[in-house]
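Asker: Sharing a structure with you now.
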Amino acid sequence: MGQRIPVTLGNIAPLSLRPFQPGRIALVCEGGGQRGIFTAGVLDEFMRAQFNPFDLYLGTSAGAQNLSAFICNQPGYARKVIMRYTTKREFFDPLRFVRGGNLIDLDWLVEATASQMPLQMDTAARLFDSGKSFYMCACRQDDYAPNYFLPTKQNWLDVIRASSAIPGFYRSGVSLEGINYLDGGISDAIPVKEAARQGAKTLVVIRTVPSQMYYTPQWFKRMERWLGDSSLQPLVNLVQHHETSYRDIQQFIEKPPGKLRIFEIYPPKPLHSIALGSRIPALREDYKLGRLCGRYFLATVGKLLTEKAPLTRHLVPVVTPESIVIPPAPVANDTLVAEVSDAPQANDPTFNNEDLA
């Protein structure tokens, strides 16, 4: 049997790890709607430390969106999308849903972010040229089979839409190559099995719920009783399929087969944010928690997965020479002009000052 190592605040299991040969490393990100703000925090901490030893990336729904920002090396991007765009009424509108429209407008979200905050796909292309692969999971609408798409400049945004098309809330689904797709979380919310199938020996899995959370059977029984004889019966069948798949994935993570090693990063308790309709303060708290969990992972596990240690947060103190030269004082009314970097997201003040703990 393989090995599962839980990584969260308050868990000391990572502290007892010994050096090992990781082999092919995969980064797998769970969906979860706005709960993906936790994943955004973890991945922003990875980017701050320039930590990217992964050979393979797999994500579903919000996990695919977060990984897109990580692969394009845009720190702060996913946090902005979740906190500034998914909280707008243009995206999430219960009144529109009651009137027969979509509860979530993925078309608006994708178009707005693409025009105002485009992904740096050229950066990702160079990563792919080096031999690394990224797969986004979407689920076929006809038989619920999971499909894994390699994004290109031409289809990247369409695949994100397909992977995030929550059934019932985005009624039409997304058509790719003549086939209708829905949210990949229906059949493969955490694509760990696909990562293992593609040869990964070490998996770093970022969850958006505490580990070992299962669905409550009583909840399903009530829903079946309420909706069993209605026109929503297909939706009940779909949710049951998702529940069975999710339970199977959870058991795979808890008891990895063979010599597979799984590092599971997860929040120590349920997040303040929810899948849709979260408040800004809740999102901010969960983002900070993700940053802290990412930092804990880097301090304990990160150095074992790469030959080059992750960058530390604190710099080595500068030795001051004995003779100190004091420059002339600036004119009192001079305006301080800060140097501006052209790097994507580099001038995001909220990101730079976020969570300095």
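Backbone N, Cα and C define each Cβ position, glycine as well.
Annotations for this protein, taken from Swiss-Prot, read as follows:
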- 27-196: domain 'PNPLA' (DOMAIN)
- 31-36: motif 'GXGXXG' (MOTIF)
- 59-63: motif 'GXSXG' (MOTIF)
- Ser61: active site, nucleophile (ACT_SITE)
- Asp183: active site, proton acceptor (ACT_SITE)
Asker: Short question: which residues 6 or more past the ends of the motif 'GXGXXG' (31-36) have a Cβ under 8 Å from it?
Answerer: 59-66, 78, 82, 86, 163-164, 166, 183-185, 189, 208-209, 271, 273-278, 283, 286
Asker: If one looks at the chain holding Ser61 (active site, nucleophile), which residues at least 6 apart in sequence have a CB under 8 angstroms from its CB?
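Answerer: Result: Gly31, Gly32, Gly33, Gly36, Ser163, Ser164, Ile166, Asp183, Gly184, Gly185, Ala189.
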Asker: By DSSP, what is the split of the motif 'GXSXG' (59-63) into helix, strand and coil residues?
Answerer: 2 helix, 2 strand, 1 coil
Asker: Write out how many residues of the motif 'GXGXXG' (31-36) are helix, how many strand and how many coil, based on DSSP.
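Answerer: DSSP composition of the motif 'GXGXXG' (31-36): 4 helix, 0 strand, 2 coil.
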Asker: Need one number: mean pLDDT over the motif 'GXGXXG' (31-36).
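Answerer: A mean pLDDT of 95 is what the predicted model shows over the motif 'GXGXXG' (31-36).
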